[in-house]
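*Asks:* Mind having a look at this structure? Questions to follow.
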Amino acid sequence: MSENHLTEELDEAKITVNEFVSGTKKLYIESYGCQMNFADSEVVASILRSNGYSTTSDVVEADLILLNTCAIRDNAEQRVRNRLSILNSNKKRNPELKIGVLGCMAERLKTKFLEEEKMVDLVVGPDAYRDLPNLLAEVEEGHKAVNVFLSREETYADITPIRLDSNGVSAFISIMRGCNNMCSFCVVPFTRGRERSRDPYSIEKEAKELFDQGYREVTLLGQNVDSYLWKSETEQFTFANLLEKIALIHPDLRIRFSTSHPKDITDEVLYTMKKYDNICNYIHLPAQSGSSRILELMNRTYDREWYLGKIDRIREILGEECGISHDLIAGFCTETEEDHQDTLTLMDYVKFDYGYMFYYSERPGTPAAKKYEDDVPEEVKKRRLNEIIAKQQEHSLERNQMTVGKVYRILIEGESKRSDEDLCGRTDQNKMVVFPRKHYKKGEYVNVRILSCSAATLKGEIVD
Ligand code: SAH
Ligand code: SF4
Ligand code: F3S
């Protein structure tokens, strides 16, 4: 996900919710990395709003700048360091300005951050945001403040996030935190700690409130949503149970979720998706590699056949049209041309609708960094990645072409980026469609016939 300037676009309902707070200090917050980080920034804004801060999208008027950082690949960290050196110039202009880093890079580097980046006043890990008011009080007294404690319980269940940079139609809801898998390449278990699931009643409450405020789509977020499990003395909720609970809120509330892990996604989840029209027919199912040998070194705990078996099962239960996307990593340790070919042939078998593609970036402290040599030369990693991207382009186009001539129910997200004469929204399968607006507006559902497409977008017209 790209750098995102989070603004203070509050709709009326949200202003009502927060009107008891009149913040005098200005917070500017910028988020990097995955959707969970963006969702966390909304929790942070909520915590700070209750402590006298209001948000601003203008960095120049900020009293406090927070960067919510990502550590997943080296270039994600590089971007943050570059951004920090630019932001430092604001400090020269306004000596009172405080700068803090939150999130996964803060957690990975801990106090080292303060040694490496002298202009940083505050370092806070993903489980310590409740402590922000205390930490800021320390900073106000001229000290540096750090809290990178990882919790086994924290889910921020009782905090109502302040929706930042929102289109007022779709919102993220965090349903769990952390990750108990140990994919050998991945820094997340170290930066986000142990997996824990959030109380389903608090998730339901948040989704209901969003629906009442006019939102029509929620995306349930977790690193591995299929292992969601919440127990009390009398009840137990699996991810399928949770999906059902949220689907029952209202037929006009669309439900999406991310990320599914191929080892954990169950038939029960697939059948729940089939049962409820408002659970979108779209699954993000990261493969990481098409080679069973590489998958084993990655400790993904499935092989190529298992992954393809899951794809077959998805299509058997939900039909050929179910949208499927992937994550793939090119050039993991010891990857040969043959392994790379296995990735390309896996893609040929599945014909994914979409994909997120990366080349391997060794992360300090991970099992792969400790056990294996990062031995694929950078130019080979890049060439393989380009081949993967080119193949995905072909498949995206092919899958999009299958939609031409058909009619889909679209949730309107807003105006198209290119023209205010056009609206845009997604199909159930998560494909973006652009169409002339007529008299419709965002938040409404319309039926759209697809007339043409590219690899990235569909174009159509509303059929009344
Ligand atoms: N929980 C999700 C992924 C979270 S990280 C899952 O299990 O699929 C998002 C993606 O970043 C991963 O799926 C992976 O493809 C990529 N990624 C993670 N670590 C990486 C690394 N060290 N180098 C390159 N890509 C990486
Ligand atoms: Fe990382 Fe694997 Fe957990 Fe995903 S499932 S966050 S890739 S360790
Ligand atoms: Fe990055 Fe942390 Fe998400 S490392 S991808 S922000 S969980």
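Placement of Cβ uses the backbone N, Cα and C atoms for every residue, glycine included.
So TrEMBL lists the following for this protein:
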DOMAIN    25-141  domain 'MTTase N-terminal'
BINDING   CYS34, CYS70, CYS104  [4Fe-4S] cluster 1 binding site
DOMAIN    165-398  domain 'Radical SAM core'
BINDING   CYS179, CYS183, CYS186  [4Fe-4S] cluster 2 binding site
DOMAIN    401-464  domain 'TRAM'
*Asks:* From the Cα of CYS70 ([4Fe-4S] cluster 1 binding site) across to the Cα of CYS183 ([4Fe-4S] cluster 2 binding site), what is the distance in angstrom?
*Replies:* 17
*Asks:* Test of understanding: give the count of other CB atoms lying within 10 angstroms of the CB of CYS186 ([4Fe-4S] cluster 2 binding site).
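*Replies:* Around CYS186 ([4Fe-4S] cluster 2 binding site), other Cβ atoms within 10 Å: 22.
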*Asks:* Give the subset of the binding-site residues CYS34, CYS70, CYS104 lying near ligand 2, defined as CB under 6 A from any of its atoms.
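*Replies:* From CYS34, CYS70, CYS104, counting a Cβ under 6 Å from ligand 2 as near, there are none.
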*Asks:* Under a three-state reading of DSSP, tell me whether CYS104 ([4Fe-4S] cluster 1 binding site) is helix, strand or coil.
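*Replies:* For CYS104 ([4Fe-4S] cluster 1 binding site) - judged by DSSP and reduced to three states - the answer is helix.
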*Asks:* I need the CA-to-CA distance for CYS186 ([4Fe-4S] cluster 2 binding site) versus CYS104 ([4Fe-4S] cluster 1 binding site), whole Å please.
*Replies:* 12
*Asks:* Taking the binding-site residues CYS34, CYS70, CYS179, CYS183, CYS186, which residues show a Cβ-atom distance to ligand 3 below 6 Å?
*Replies:* CYS34, CYS70
*Asks:* What mean pLDDT does the predicted model reach across the domain 'TRAM' (401-464)?
*Replies:* 96
*Asks:* What does the structure give for the C-alpha distance between CYS70 ([4Fe-4S] cluster 1 binding site) and CYS179 ([4Fe-4S] cluster 2 binding site)? Integer Å is fine.
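*Replies:* The Cα atom of CYS70 ([4Fe-4S] cluster 1 binding site) is 15 Å away from the Cα atom of CYS179 ([4Fe-4S] cluster 2 binding site).
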